[in-house]
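Taken straight from TrEMBL:
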type: ACT_SITE; residues: B:190; note: active site, nucleophile
type: BINDING; residues: B:153, B:179, B:190, B:276, B:402, B:407; note: substrate binding site
């Protein structure tokens, strides 16, 4: 596997475009489009929130009924959630516009929205945006990059990744983009994430590969504990790499899923590290667990603890909060057996041995915790299972962004 | 029932004292003591966190084995949590000191600590504090008030309440004090809360009454989603009101539990409203639920949502976040049937009807949300059950307090 430049346009046959449609933001792009020269097998995972945005319902129909797709239309600024029948109608109107311009069946057009809940989309501007983007569709790296910029809301930078692998003598590419950065506590899938590949693979296996990944990547990050109404992760495979089509769990499937995991984990970590107001990526590894599930519950409880997140912002080795968050997680363990370590580019040090503080240097710990990516490792000494979760620190800017998001 | 002035010394036979023992804070009191002239029936509820502070383990033994108590020693600054055998030894040493001075059996002395996790108590200063307080024990209102001040950590004001009721021709008093104000997400009981009464009542009924209350009061508040290692609620009844002893669920029990509920609910609300950095008490009522449990899950999910809390800080009627938090709570309901209202001293207004925004005035909504106590009422139109949860807004000061708590 080789990491390469690019995002959603890295794989063969995928094009992208973006435009400033004036949905809600001024002076920036706010719509993006992904298009494949040929129809794709499509997999998707969606929010488990009972309150599901209209585009989520629309895309579920595309993924589970049509099972293929050829275009994705995304807008930032308005989420099209809690918008009733009117909101559903706008998904359809968007797909109809694409159908008219590109002759793609409406139920093979995916839509995704992110932004304020409860407002209706200005559908005229959405349709005008589609009209502007279609003639600009381009397969170069820059077009994919601009699409990643256009879907941002409170994100501070675009998020992309792409890799190449070899399958049955052919070069296969997987590339993706995603956006955060608030209301991030994916439960099934994350905010908006779009992954494209030119691999030839059956829709069943594509869905299975994506579902497995989502559990260990997007579902293991949290910015603020709020599971959005719009979480959507889409994976499109157009087969243009001309590899022998993957229809069973063979060596090619292994290679493909390993690369896909890298792409999804990279995007998930980018999202966590760019959480609203965040100054640091906070990684929590629980090792020595009896089961993976137990390690997941424990690590996720720590990255969602407001107190721990605030301590990370303060570069404060307040390990009691970490042990406390493990304690209320619901998972069983013996607090008096826990060893805890902090690690970053500045070094690694042990903080707790068997549940009690070792004689560590606070100064040294603060140095380790002052890096832009910080890891806490908790060894609960019960078995060989482990899990990792990713979050970020809690800062003044998180409050600032969210006290005044709509205005 | 009549509300009266006072707190833990309001009931007959209860005395209190406080002192500046220099545990961790400078220039303020940080130890308090409650004492009853005669032994009390005692009830207690404690944190469900697996990581339990030493005083929690000590008090559980007193409540469940001794079943009576005559003194409580409290310190602020250090939590005596994650302190191993040494920490347990300090609970015992504190009780032994009280035993020596007041001849109370050590297993009838309760202890409680709040503050930083992982540091050992300076036991010499704790014992010196006890020695200072014993001769100062006093049953006046001021001594109770000073005790409520001494147990504060990041609280901005002391929290007290007292009421009088009549039972079998005798005046019975219930009074209490508590402290917050971070790591507040009680699950079984809250931080530190101490309630005293001169009622004569059996220990079994006292425990039952307290457990029922805790479910609907302390367990329904949240400041930051973090369930502490030290949560403790203690209720002492010394029988000095000389009412006919309550040993069954008769009319007196009804009167007593109603008054107790008022005391506990008042303390819980004081705690929520004084959450770390808070500028407003945020109350969420879910009505029209099928079951109380469902209403509890929904209301608690809203008050713990960081995004909703930040919106309340910004006086922003960002109702989508409320519906979103209900949606990911795990409780079932139909989002398209929800009506939502905001209410405060400035008025009441409807925001959503059947899951979609009504044509409300943002200006008017902001006015309602600018009061120091704000209520959101969600009617899910499924039945007649309801529940209320209390929280606070999320502010810059919450981050400030917690990024730098230990230094």
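Using N, Cα and C of the backbone, Cβ positions are placed for all residues, glycine too.
In sequence order, B:76, B:114, B:148, B:151, B:152, B:153, B:155, B:159, B:191, B:192, B:193, B:271 constitute the residues six or more apart from residue B:179 (substrate binding site) in its chain with CB-CB distances below 8 Å. Each of the binding-site residues B:153, B:402 was scored by the other Cβ atoms within 10 Å of its Cβ; the lowest score goes to B:153.
Residue B:179 (substrate binding site) carries a strand DSSP state (E or B). Secondary structure from DSSP puts residue B:153 (substrate binding site) in coil.
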